[in-house]
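Let me begin by presenting the structure, written as structure tokens, before commenting on it.
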Amino acid sequence: MQLALICENPERQNELDELAQRWGLSHDENSIFALVLTDTQLELRKLDEAKLGAVFVDLVSGAAAHRRKFGGGRGQAIAKAVGLKKGVMPRVLDGTAGLGRDAFVLASLGCTVQMVERHPVVAALLDDGLARAKQDPEIGGWITERLSLLHASSQDALVKLLEDPDFIAPDVVYLDPMYPHKKKSALVKKEMRVFQTLVGADNDADSLFAPAMALATKRVVVKRPDYAEFLANAKPSTAIETKKNRFDVYVKAAMT
């Protein structure tokens, strides 16, 4: 993929070069997107809409820290959806990791989560945020133990993992496909505006459902906007609703 590659600290230029090679990125000075390596982090900027600010992964402070400390623990809708309860810590595969927020919440509650992200820029941002979080004295220990990242197409990853005899199948496959926002919602979060331009909607999301159901041993959970149809038109066993979203739960077996 091509976009502007910018290093703000000359001493880190080698890091940016290695990063570009690892994720298959090449420099395009005319791109409206820039992947910028600052003194502290990797971030994405939309150059023609500077007011949107930078998009980066921060699992240590800000919103992530607030949700970890005050987000409601196991009472959160996502925790209920994956079947998290006393004595039950599901192994989760997050097939559409994005910026890792939902995976981080589940890991902070005790789940082991393997994240899958197919877009190279998003995967690079997530990998950078994960690396920084692992260095944090407060959360680094359990981040290292519980969170991992696989860069691959979600569908390919699900199928390949299903065929791998050494892979321990997850209890839960969690999917949160990018869904087109309603045109009238002008105040879409800056990240979503940047992402929808860069990544686009997951138009092939329906194709994730069958391999997800085959891979999960206990359940599949699909996060949807409240106005969205069911993934692959499959009616869930149950649904947990929040103010703006819905967690469709497809139960295969009881959580034990």
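Glycine is no exception: its Cβ is also placed from the backbone N, Cα and C atoms.
Over in Swiss-Prot, the protein carries these features:
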BINDING   R101, D102, E117, R118, S153, S154, D176  S-adenosyl-L-methionine binding site
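Shown on the structure are the features that Swiss-Prot records.
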residue : record                               : CB count, 10 Å
R101    : S-adenosyl-L-methionine binding site : 17
D102    : S-adenosyl-L-methionine binding site : 22
E117    : S-adenosyl-L-methionine binding site : 27
R118    : S-adenosyl-L-methionine binding site : 19
S153    : S-adenosyl-L-methionine binding site : 16
S154    : S-adenosyl-L-methionine binding site : 26
D176    : S-adenosyl-L-methionine binding site : 22
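DSSP assigns S153 (S-adenosyl-L-methionine binding site) to coil in the three-state reduction, outside any helix or strand.
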